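Please read the structure below before turning to the comments.
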Amino acid sequence: MPVIPPEKLVSLQKNQENIRNFTLLAHVDHGKTTLADSLLASNGIISSKLAGTVRFLDFREDEITRGITMKSSAISLFFKVISQNDEKRVEKDYLINLIDSPGHVDFSSEVSSASRLCDGAFVLVDAVEGVCSQTITVLRQAWIDRIKVILVINKMDRLITELKLSPIEAHYHLLRLVEQVNAVIGTFYTGELMQLADNDEVISDEGIYFAPEQGNVVFASAYDGWAFCLDQFSEFYEKKLGLKQKALTKCLWGDYYLDPKTKRVLQPKHLQGRRLKPMFVQFVLENLWAVYESAVSNRNLENIEKIIKALNIKVLPRDIKSKDPRNLLLAIFQQWLPLSTAILLTAIREIPSPINAQANRARKVLSSTPHYEMIDPDITLAMESCDASKEQPVLVYISKMVAFSERDLPNHRRKQLSAEEMKLIRSKLSESIESGINTISIEENVSSTNSDNLEGSTTDMDDDKDILIGFARIYSGTISVGQEVYVYGPKYDPVNPEKHITKVTVESLYLMMGQELVYLETVPAGNVFAIGGLAGTVLRTATLCSSPNGPNLVGVTQQMEPIVRVALEPVRPFEMNKLVTGLDMLNQADPCVQIAVEENGEHVIMCAGEIHLERCLKDLRERFAKIEIQASQPLVPYRETTIATPDLLAKNKELSIGFVTATLPVGGVTIGITVTPLSGSVVDFLLKHSKTIENVSSNFSKKNRNVVVSESLTKSMEEVLTPEKFYERLSKLLEEENSDLGELKNHLDSIIAFGPKRVGPNILFDKTKKMRDFRRQSDETKLIPSDLSEYVVTAFQLITHQGPLCAEPVQGICVSIDQFDISDDSEDSKLLTINNPQIPGQVISVVKESIRHGFLGWSPRLMLAMYSCDVQATSEVLGRVYGVVSKRRGRVIDEEMKEGTPFFIVKALIPVVESFGFAVEILKRTSGAAYPQLIFHGFEMLDENPFWVPTTEEELEDLGELADRENIAKRYMLNVRKRKGLLVEQKIVEKAEKQRTLKH
């Protein structure tokens, strides 16, 4: 097929009824990019024989090397549908906006960016591997965004060539697979019903499940270039069987059988013991199996000739005689069941046009935006109707910023000449040769006619730089180059329309064609496009609107929080400015990465995982900063906690563990503090209700303190409780405690702070009731406890933010102020005034040290950041997977065999600190047969005291005085302390009196 000119695609943008915007979603390596290749081949962009091997939309070097997609990429395609209507031939041209998205868990943010721009999605599932962890993630994203989903059961050829299943076995395998996917959808539906249990709103489950007879399931082999829906076979057999197509389509899936004598469709109860095959097996699968049997398994040229004749297709003799069976398969299937036709026809039939999609989704999307009732009603109506008239307000959603090389922009690229232009140039050239005119002048004329906009292209491109382009969808109106629009930041709120809003001029508009861009003058509503000129204004996502009172569409929740941190510095210090500029561009171009500057001046990037980190470093070195960068070892987060061990409680029955009394250096002020561990249930409750704690914290004092909370917390979908409900649940949890914490349920009104950052899982109690007593006696300058409450809270926040073990955040302690006395009899009582500048520092220092001693009085523990690891492996390599997990100090928590497949699913927990290189090692040990997916699971306590030394006779006998067994917790703690420059008790020289002879 000839290449479709961009002008043809641009002309189709104005007809919203014939536009389809969809994305490809799947688990890693389930065939998204291979399927996209076949769709591109239908437009002549790549050869149909190379489809599946080119991976055209994976144009990054690291994507090609690893064989996985890392960045979402978009391309526009043309598709013509010819139909018969009342004996008239009707032709319709469609514009297909396709977005290919990554499947690896590290790039989940790219999936949400792609999904938000589309009206539908094809979710690919490997026919052998089935539903995997990332399959559930992408299905959940599609459910949240309310887009139409079509299931593609890909790699059907593996059932024949690898599993060697018979058609009847494959039938039951596919039935179970569709049920598995529907079970996932069912969990989303029931979960939403539970959330709306208190409301009168009723959600229908009509149309949410996948059923091949309804046309929302496609069976495919993207690598072999074929795909089909049931209606294709029902149309073929309609006349032969004498059944109506709709009725036949319903019978081609499930337990339906055809009586060969009466030509009637039977159900299982009417079989009467006869062994008939299901119609799906008889009319669909056996035909596919016959092709593979004759072309691949047992090559039989005679059978191949019969198949070609029966299908009424033409296959070249060279393809029939080819030694590579794939050439023959492609030649047969691309004429019989072409993949692009099945996918695109399904997209046109099942996925709604932008007009229909926005009519159904617009109200729900807008109702989730801040202060929806204040939005201009004209914008709401224009969005619902997808009105593209120039009089309507422009509303655009910027999903993410994409980096393009400046030389790849249309104004720096030579325009490709049409056949007519090339013919004209050749004729002029031949005339010049005949007339003897110097050809140099002709070449100059040719270059001048080569492009209308070559001005500026002669600029020096040696210093090539990257330009950030917005990846966008327009919902209403028509946006034009040179038009002025308002940019709403993520924090924009119609209540304060003057904040987080900027006015910009649209510099350029583009049609995205993979790694190429096509210049546009205007873009009407319903289209996916790229927009330039926003690099200094938009950070990651934004909303563009021609009105200052529009909706803020940036309500995307980030599913994958960055957990791996790395400190960066330039190899040449004088290039620090380039590093800072590069980090700013990376921060805009990557939706998941986070950039921070530490107190010591270090620049730190936070990534979702090891592969994500490698991609970010590569982008910095080669695209954004273009300098040599030195990266530290990954900085893994820890948490510090303390517990009550049985032996500790037995030794100190009469002593109060964790109680510390301290006096200020100026004298006269005595503070008694008790530190007690919180139970896991209380800690989980506090972590779950961070937003509620934020609201409660603002009422703790007469001053409304600034509450620091991370952006991810403010965007979370957690349940926000009222203060009364929060205290009621907390009281109930404390009442269940068997320790001294049980009595604290009666002192909930004495809570004066949570920490760290005023929202953490640690509690500060004031049992003395003095910290909030602001009544004074006659002397107004004399200290009272309430004057020092702010400094006590500050000390609590500091020590919980940087704990005693290795200055990592503390989790799960309760600090109670049991004593707070200010003596009048002290010799230094004159110094105890509110005007003494020494008091604040001394209070903070003393309280911090007291909490530290109380914390260490119990049995301290480190909490490790953990990855949840899913590995799919065969029985042959299962033992090696266990070996690698054990070597990395992980533990297997579940193992199950996938029914009907040779695969085992192994679920394990692995410390993040031990995970670097884990994926590579698994691949090496299993020869590529197993690939892990790592998702951040949370923090888990390492049950080992970092200060433990042998003390009992048995321990001394087994381990010796120096403890021959390595203390893992101590090693982790010392490594963090070394990195942070904290004191480490380690001998630099050990046994110096011994001679050591070195051989040179």
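From the backbone N, Cα and C atoms, a Cβ is placed for every residue, glycine too.
What Swiss-Prot says about this one:
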type: DOMAIN; residues: 17-246; note: domain 'tr-type G'
type: BINDING; residues: 26-33, 100-104, 154-157; note: GTP binding site
Report task. Look up S101 (GTP binding site) in the DSSP assignment and report helix, strand or coil. Result -> coil
Query raised in the report: Where among the binding-site residues A26, M156 do you find the Cβ with the fewest other Cβ atoms within 10 Å?
Result: M156
Query raised in the report: Per residue, counting other C-beta atoms within 10 angstroms of the C-beta, which of the binding-site residues D29, S101 reaches the highest number?
Result: S101
Report summary line: Per DSSP (three-state), K32 (GTP binding site) is helix
Report task. State the mean pLDDT for the domain 'tr-type G' (17-246). Result -> 83
Query raised in the report: With every protein chain in view, how many other Cβ atoms are within 10 Å of the Cβ of K32 (GTP binding site)?
Result: 30
